[in-house]
Amino acid sequence: MLPARPEPLSVAVEETAVVVVDMQNAYASPGGYLDIAGFDISGAKAAISAIAETVEAARAAGVTVIYFQNGWDKDYVEAGGPGSPNWHKSNALKTMRKKPELQGQLLAKGGWDYALVDQLAPQPGDIVVPKPRYSGFFNSQFDSILRARGIRNLVFCGIATNVCVESTLRDGFHLEYFGILLEDATHQAGPEYVQKAAIYNVETFFGWVSTVADFRRAFAQIPPKED
């Protein structure tokens, strides 16, 4: 049983995955896209440490670990042109239009910005899922990966709470997945109030909210699944 708000949730190891959302240099490192675009990334360091604890506990318990990587091809065809809302709303794309010297650097596959941070390198058995939009369910193999493994419970951590994390958790709700947000293993893009708003939305409408400590305790009590 995982302690959570608004109530505890029963989670079986074989039906659970930890979903690490967009822990890339773009979102968590100085000189990455969010930093260049003017967002406060000071909370990213704590999030990295908390996520490292989470995935360590997950692997020890036999819980599937899935990483998202957000971005596009180096020519940004996958990002969409002026006919796409993403072209207008993506702060990475807007930043590159304002600063043409950055063209081809932000969230481009194969580049430093796109890469996962060194502290959270995937391990053997982990799954990495590329995604081209905020929600990890859109135009990706994520749903198929989950259904093939019988996974129903998604434990979310990563950046940004109010954008890609919440977008994916919401879509999961509509696809009948149980979404759990580890509030102390996330960081928002924007002021502190958007973090609180995202947590409120999850707890009240779309899922459950827990902590890294509660996750670690809950899964330490569950024997690892056998191969």
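Counting begins at 1 with the first residue displayed.
Glycine too: its Cβ is placed from the backbone N, Cα and C atoms.
Now, the feature entries from Swiss-Prot:
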- Asp22: active site, proton acceptor (ACT_SITE)
- Lys131: active site (ACT_SITE)
- Cys164: active site, nucleophile (ACT_SITE)
* Does DSSP put Asp22 (active site, proton acceptor) in a helix, in a strand, or in coil? -> coil
* What number of additional C-beta atoms lies within 10 angstroms of the C-beta atom of the residue listed as 'active site, nucleophile'? -> 23
* Structure fact -> Integer Å value for the Cα distance linking the residue listed as 'active site, proton acceptor' with the residue listed as 'active site, nucleophile' is 8
* To do: Would you kindly give the Cα-Cα distance separating Lys131 (active site) and Cys164 (active site, nucleophile), rounded to the nearest Å?
  => 10
* **Residue among active-site residues Asp22, Lys131 with least C-beta crowding, 10 angstrom cut-off** => Lys131
* Using DSSP and three states only, what is Cys164 (active site, nucleophile)? -> helix
